[in-house]
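Taking it in order: structure first as structure tokens, then the write-up.
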Amino acid sequence: MSSHEHLPLELDSSFLNTSTIIALCVFFALLCACIIIGHLLEENRWANESITALLLGLCAGGVVFLIRKGASSHLLKFSEDLFFLYLLPPIIFNAGFQVKKKRFFKNFSTILLFGIFGTVISFCIISLGVFWIFRKIGVKSLSLKDHLAIGAIMSATDSVCTLQVLSQDETPFLYSIVFGEGVVNDATSIVLFNSVQTLDFHNIDGLTVLNLIGTFLYLLFTSTALGIAVGLLSAFIIKTLYFGRHSTDREFALMILMAYLSYLLAELLNLSGILTVFFCGIVMSHYTWHNVTESSRITTKHAFATMSFIAETFIFLYVGMDALDIDKWRESKASAGTSAAVSSTLFALVLVGRAAFVFPIANILNCVQKRESSKIHFKQQVIVWWAGLMRGAVTIALSYSQFASYTRKSPESALMITSTIIVVLFSTIVCGSVTKPLIEAVLLRHGKPMVSDFTDNVSLEDLRVQLLESGDPSNSNNNQPARRASSLRLLISHPTTTVHYFWRKFDDRFMRPMFGGRGFVPFVPSTPTGAADESSSA
């Protein structure tokens, strides 16, 4: 379809063209259909909104393919810029903004081990596997950089299907692990991918690995610091600038613009936008959100969740329609056997790479953890392993970024893209449809509920008592001063709770007076200044 077809009423096609309007109509109609069908299938054992959107995208792509009589259409072409600049940021920001911070940081060490160390293990296994197996299959033109890039590409998980089934109330510990690892995993995979792109593989020496590790750590910490800085800046601006004369429109606009600005700044500085906008969301929910009026809190909470939901649905539609772009399949020139062999190899390596770190790390943590509720039992390990098998839009976007450039036009580059699409479709549809029955069978959803992860956790009040308690109860009536318990001893015995306790003291004394936060009541003319504080987001 020509991009310069004139519209009725003599509108200039330079800014409104028929193809663009048709594309928007198609996607908006499909989004409405996804929401309706997803609602009707909400209680279905084998389907969820992600699978529904993906299948609907496949059907829509098939219709477009038939209408175009086998010719390519811009509707079916995946755009990395559209994905990374417009669709991904609202999803990641809302994940940080809505996260249950207490649960997330309580399991932070476990999440980091799975999300960072585990992803690196998976990256190494997949990279070595494709380097060794692809040559035997007949794929020989890929460089060392390509093999490492494939390792980073296939390490990016998509746990959306699992999170749609898991319940934060029924399985808070497991949900926290799967959710946290999913976000950190995506960020780690992209950081690894960007680190690989910066290395010079023409002069490989002993410093190459050290450069890769150094680049990875640099991107990790600087991206996180940037997100925290922008989040604190937004809290300080709103607390200072709008004190006494709040406006819901301005507060919401400032929050969403600064959140998006943090992502763009990270990309501009060649950092990880995912990590930046995620931690910006966490900081905004802890400080900025409490500095605005009640109407602004309700507006932002629901608006961010809605934008994230629409973006997620759009992505699965987008991936489904992209699978019917015939140009990629023609360019690969691979036989059905070769394509099946490459795709099977990639998915098998995903299975092995996932199992290689989930079960060992979980069992090591079980040996270290003293509390029973903090241990990851075998049934939970199976769910964590299964949740990370699905691949999604991040995988496809990275694959396009590596193999779809104009300088990389080759059959084997196209084969890598089509094989990635096959892995994404298979893992999402097949593994995703089995997720709900698997969770119900493994966790015995309708049986006895599992022990909560907070039942035997040492409370902050208990820790406060331990910090001030006397070493000998018999001395309680004497005039001898009470001996404070050793902070180092408490840190060793209750590390998470102790860190949380001292962070709360630091936060209450230094951070909240400057940046606001929970307990801060914004003054609004003609309203009571003692409005009740909402603590549901804490």
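Using N, Cα and C of the backbone, Cβ positions are placed for all residues, glycine too.
Residues or ranges marked as transmembrane segment by TrEMBL: 20-41, 53-71, 83-99, 111-134, 216-238, 250-266, 302-321, 341-362, 383-403, 415-435. Per TrEMBL, domain 'Cation/H+ exchanger transmembrane' is recorded for 38-440.
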Where else in the chain does the transmembrane segment (53-71) make close Cβ contacts, counting only residues six or more beyond its ends and a cut-off under 8 Å? 26, 30, 33-34, 37-38, 313, 316-326, 425, 428-429
Are there residues at least 6 beyond the ends of the transmembrane segment (111-134) whose Cβ is under 8 Å from a Cβ of it, and what are they? 104, 140, 142, 144, 147-148, 150-152, 154-155, 176-177, 180-185, 187-189, 192, 220, 342, 345-346, 349-350, 352-354, 356-358, 361, 365, 384
Using Cβ atoms and a strict cutoff of less than 8 Å, what residues sit near the transmembrane segment (83-99) while being 6 or more residues removed from its termini? 179-180, 183, 186, 259-260, 263, 267, 273-274, 277-282, 284-285, 289, 301, 304-305, 307-308, 311-312, 314-315, 318, 393-394, 397, 537
Per Cβ pairs under 8 Å, the stretch of 20-41, 341-362, 415-435 packing most closely against the transmembrane segment (302-321): 20-41
Short question: which residues 6 or more past the ends of the transmembrane segment (415-435) have a Cβ under 8 Å from it? 46-48, 50-51, 54-55, 58, 139, 142, 146, 150, 153-154, 158, 161-162, 165, 316, 319-320, 322-323, 328-329, 332, 334, 338-339, 342-343, 346-347, 350, 386-387, 389-393, 395-396, 399-400, 402-404
Checking distant contacts: for the transmembrane segment (20-41), what same-chain residues at least six beyond its ends satisfy Cβ-Cβ under 8 A? 1, 7, 47-49, 52-53, 56-57, 60, 64, 74-75, 310, 313-314, 316-317
